[in-house]
There are 4 protein chains.
Amino acid sequence: MALTDEQQAEIDAARGEAGRTLRPTVPALEAMLFQAMPVLDHGFVRVVDYMGDDAAVVQAARVSYGRGTKAANEDRGLIRYLMRHRHSTPFEMCEIKYHVKLPIFVARQWIRHRTANVNEYSARYSILDREFYIPAADALAAQSDVNRQGRGGVLEGAEAARVLELLREDAQRNYDHYAWMLNADEAGRVLDPERQGLARELARMNLTLNTYTQWYWKTDLYNLLHFLSLRADAHAQHEIRVYAEAMLETVRAWVPHCFEAFSDYRVGAVTLSAQMLAIVKRMLEGEAVEQAGSGLSKREWRELMAMLGRPA
Amino acid sequence: MALTDEQQAEIDAARGEAGRTLRPTVPALEAMLFQAMPVLDHGFVRVVDYMGDDAAVVQAARVSYGRGTKAANEDRGLIRYLMRHRHSTPFEMCEIKYHVKLPIFVARQWIRHRTANVNEYSARYSILDREFYIPAADALAAQSDVNRQGRGGVLEGAEAARVLELLREDAQRNYDHYAWMLNADEAGRVLDPERQGLARELARMNLTLNTYTQWYWKTDLYNLLHFLSLRADAHAQHEIRVYAEAMLETVRAWVPHCFEAFSDYRVGAVTLSAQMLAIVKRMLEGEAVEQAGSGLSKREWRELMAMLGRPA
Amino acid sequence: MALTDEQQAEIDAARGEAGRTLRPTVPALEAMLFQAMPVLDHGFVRVVDYMGDDAAVVQAARVSYGRGTKAANEDRGLIRYLMRHRHSTPFEMCEIKYHVKLPIFVARQWIRHRTANVNEYSARYSILDREFYIPAADALAAQSDVNRQGRGGVLEGAEAARVLELLREDAQRNYDHYAWMLNADEAGRVLDPERQGLARELARMNLTLNTYTQWYWKTDLYNLLHFLSLRADAHAQHEIRVYAEAMLETVRAWVPHCFEAFSDYRVGAVTLSAQMLAIVKRMLEGEAVEQAGSGLSKREWRELMAMLGRPA
Amino acid sequence: MALTDEQQAEIDAARGEAGRTLRPTVPALEAMLFQAMPVLDHGFVRVVDYMGDDAAVVQAARVSYGRGTKAANEDRGLIRYLMRHRHSTPFEMCEIKYHVKLPIFVARQWIRHRTANVNEYSARYSILDREFYIPAADALAAQSDVNRQGRGGVLEGAEAARVLELLREDAQRNYDHYAWMLNADEAGRVLDPERQGLARELARMNLTLNTYTQWYWKTDLYNLLHFLSLRADAHAQHEIRVYAEAMLETVRAWVPHCFEAFSDYRVGAVTLSAQMLAIVKRMLEGEAVEQAGSGLSKREWRELMAMLGRPA
């Protein structure tokens, strides 16, 4: 359960206040505002605010006065052209703000995307909640044998059970000791009036990296799509990919033409190096090219065959 | 007259469409949307879109779920605290987008503020309008004798008349030659079917730097205030300052608490160096400090006396 | 001639001072330091300083203590892997600083690359040189009929002659009037002691966009390669492409492994959309695919056939 | 002891290779290259590379061809002028790269400074060292009663002893369980051939926030000074301040004029709000101003009195 009753009540209260605006509005995204989408065991993503729509991308590309042509078909074509030719600035004219609850080790990956605005819950100032990410059974992956930063099959049996037990026990024990060191419970109530309590900015160091934190994260559509192209990718770590996938749904609702172009020209696209392109041309001429003599390393050959859906 | 009838008609048409939103709205800024504020002789600034309000700054600072406390007084106090202590990230949570028409030499200063998104009218792709900035009589300043990048008194008489004449004639002649080289008029109609016409990306080089261009410019509130603190300042060039002053009015309407804090802690504030502070302390002890022996250079001494409203 | 005798003398003097350093040094790039490479009729590019080398990219990727493995072959392979998989941060660990002299309309394109540090010659503070870009005969291109922002064939005969005449006359006249308004010659000497002279920050607006300016421009290797991939491209305007091509030579000397990987995986690479990839797969299966029924627009079909070196 | 013998040997080996360069060199900083400055119990900072010097700031400000005037006194004056008037771009022309070993909770604060390049040791790819930050006795601060994000006095006696015991035990136990889950020791040797071992990207979540990580961090002088002004400040958390203080020493060696100007106009400077300035003027007129009726809140009044060295 990602949201406490209290949190949900607050969100519901805020949700009531609708206003009138002359700004572009997107009904499909309005319907998602104030809705927390659950992610992992205690996390969520919710859209807090947004600026612009598909037409704002077109408007910026045309630097016209109005909202761009009303011919939706032309707008779609222009957006596809911009995406295909990697024009970036018109997509920067849309902005979105999320509220995210996520484990600290995921936050550490996420924050490496620098072109965004962030306000994170401060553990110097406040006491963190007693919530930790514990992987579901099917996410408890073994280390990959072939990829140093990848996952292999799922752990099972006694090893899996022991891993889950350790993760749970260690996170809870460390949190309990964190609270003891603070001399305060989760709600900030003093535990022992005879003790002083360690400074919050120090006590937090005893917490484990699967402790949940939360932040407001705001970025423009161009940088959001770049983030999603990396983090919704099959090579991304599962624990950040599930956030990216939830955010993809918000993009689909918000800017459907941009989403479609992104799917076709980024997510589903492949890049062929000069050498790969030369090989594809030879294959199209009917030549039977093999790795030996192709000029590609074995690794690159495998990558090319995978793109072309052929056996390596 | 900053806007043609056609431009105004387009803006009026767009203005009609109001929608409902769950996002924060600011009625005072809504009233300015689609309103072009005239600046200089042919330029303007208008707000195209915005995200957030005073409460969004507070919300980010608290990373709370709701819209922040309803106690407006506490919000104001928190915003003043954030501004005074130079906290930047909560102010980044608001975003605004302007449409600006401005002379190219002003655009060249403006663009040096890098943390913004820009889409400019393309003179590679389109034909620029026949509009140039010609200073009003009271803006026709002589070079300052004391400040290499400053203005002295206003030029008058024959010299002023000749300067205005040169600016007007040169801009117009160069535009006419631009059109001749393009072999096209302002509306893109071919002038002489026997000629090919120079590429637009080349012909534009004949234009003068007071030719008007236009762009969409989007930034967050933190970077906007930084821009305004430099460009609405008395040391800024008059021709960019008038844009900054128009934008200050939009900030006042949009985020009144932030505007007030900005006025008190940035615009009206002064910074004393370690040496200046030491001198002020000595003066407060009743000592009659003079420049000689103060440890300040003559220039710094003048700056300090100016801050304190005393004769140098 | 890009450099005056005085400029060359200053550079030669600076060139004399060699020092010892424990930092990575690149002899091939050292040989280019303080050498202005001429570009266009009066412009140049010269490397002023640099930080890092191929090994610094490897070092960052490994976050190792030493300079990375000495096995050059492994370093090359790692750099190719990083480039192919679009890892960006290791390439950010190298930095380079250029001194560039360029026409203002080129500077306006260039400055849109925001992730760089810039100090430009100030025409508020100083008087610009009397130098303008006038295209060589073979660069005097007509407007393209098919591409709104492209060039067609070269202008010839009377039209070409008249264009060159207009560009030359207008630039010179406007500069002369600029000097008159300043009441100063190029060296800052007062022309008429009876006049005040217009403020420099105003007089500059009378100059044409082909007037030369200059700046120091500093960026990291990742952003430099991004700049070069766009500006050394066949679709870039000729007048900025010649700068990019000169800079490519400095990259080749500086970081030869990165340069090679960039050539193979960026410059010579192509991106196939999901739809394009599906078509290539069908063609590899021996199917005769045609535009009609391919799912591609005519424009995209032409782009695909051009990539594959086949007739559209 | 911050460096292992092996690390020191690698650094010493790299240190041997000195080369000749035409670039600006700074002997005082060369002497610090490859020297790890110990920070906290297991951390360090060392300068890996640098670009530019005091003269490079001057050169950029003048956009001159040579190295700037040789009159050191004029250079110093110009640098002080640039710092006093908050010119930023000339300071961006110098760049520095550090190798830093630091606890994860410190890295989380540090990374919020976005205008920098970072390569961090990857715990997805590699196994982290068994090293944790445990505060020295005099850094074991109690929570402040008056400042929610500050420290009070030092914990003592049984409470202090228990806190240190908990920090040590929890970090070690969690690391041991991390190794068990990985089924590998610190050197990557398999512990139990019958088990698969959890993926590294998952196992890391069991580590505590005081575990050490390391990175290469590169930034320009302007952003470095901004970082140091915030992180070497008395309000910064002790554990990041000690890093900032070590880095300040490298700045002092590298760019002594900039360091001096930074000390006078940033570190030792104060900013007076419009209201505070008005009060100082009244006090200089001899008026006895008190908080009541001053227009300042009690908090701001205390801040002003503290600046002026007077009792609140």
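Each Cβ is built from the backbone N, Cα and C atoms, and glycine gets one as well.
Bear in mind that TrEMBL entries carry predicted annotations, made automatically and left uncurated.
Non-local neighbourhood of D:ARG231 (active site, involved in ionization of N3 of dUMP, leading to its activation): D:GLN109, D:TRP110, D:ILE240, D:ARG241, D:TYR243, D:ALA244, each in the same chain, at least six residues away, with C-beta under 8 Å from its C-beta. In the three-state DSSP reading, D:ARG231 (active site, involved in ionization of N3 of dUMP, leading to its activation) counts as helix. Annotation comment: TrEMBL describes D:ARG231 as active site, involved in ionization of N3 of dUMP, leading to its activation.
The FAD binding site annotation in TrEMBL covers D:THR89, D:ARG112, D:HIS113, D:ARG114, D:GLU120, D:HIS226. Under a cutoff of 8 A between CB atoms, and with a sequence separation of 6+ in the same chain, the neighbours of D:THR89 (FAD binding site) are D:ALA60, D:TYR222.
Per TrEMBL, the feature dUMP binding site maps to D:GLN109, D:TRP110, D:ILE111, D:ARG112, D:GLU120, D:TYR121, D:SER122, D:ALA123, D:ARG124, D:ARG204, D:ARG231. D:ARG124 (dUMP binding site) falls outside any helix or strand according to DSSP and counts as coil. Every protein chain shown contributes to the tally, and the Cβ of D:ARG124 (dUMP binding site) ends up with 15 other Cβ atoms within 10 Å.
Pairwise Cα distances among D:GLN109, D:TRP110, D:ILE111, D:ARG112, D:GLU120, D:TYR121, D:SER122, D:ALA123, D:ARG124, D:ARG204, D:ARG231, which the record gives as the binders of dUMP, peak at 29 Å. Look at D:GLN109 (dUMP binding site): DSSP puts it in a helix. All protein chains shown were included, and the count of other CB atoms within 10 Å of the CB of D:GLN109 (dUMP binding site) stands at 18. A helical conformation is recorded for D:HIS226 (FAD binding site) in the three-state DSSP classification. Chain C lies within reach of D:GLU120, taking the binding-site residues D:GLN109, D:HIS113, D:GLU120, D:ARG124 and requiring a CB-CB distance under 8 A. Chain A comes within the C-beta cut-off of under 8 angstroms for the following of the binding-site residues D:ILE111, D:ARG112, D:HIS113, D:ARG114, D:SER122, D:ARG124: D:ILE111, D:ARG112, D:ARG114, D:SER122, D:ARG124. Sequence-distant neighbours of D:HIS113 (FAD binding site) (same chain, six or more apart, CB under 8 Å from its CB) are D:THR219, D:ASN223, D:HIS226, D:PHE227, listed in sequence order. Cα to Cα, D:ARG112 (FAD binding site) and D:SER122 (dUMP binding site) are separated by 18 Å. Put simply, D:GLU120 (FAD binding site) is 11 Å from D:ILE111 (dUMP binding site) when counted between their Cα atoms. Here the binding-site residues are D:ARG112, D:ARG114, D:HIS226, and the one with the most other Cβ atoms within 10 Å of its Cβ is D:HIS226.
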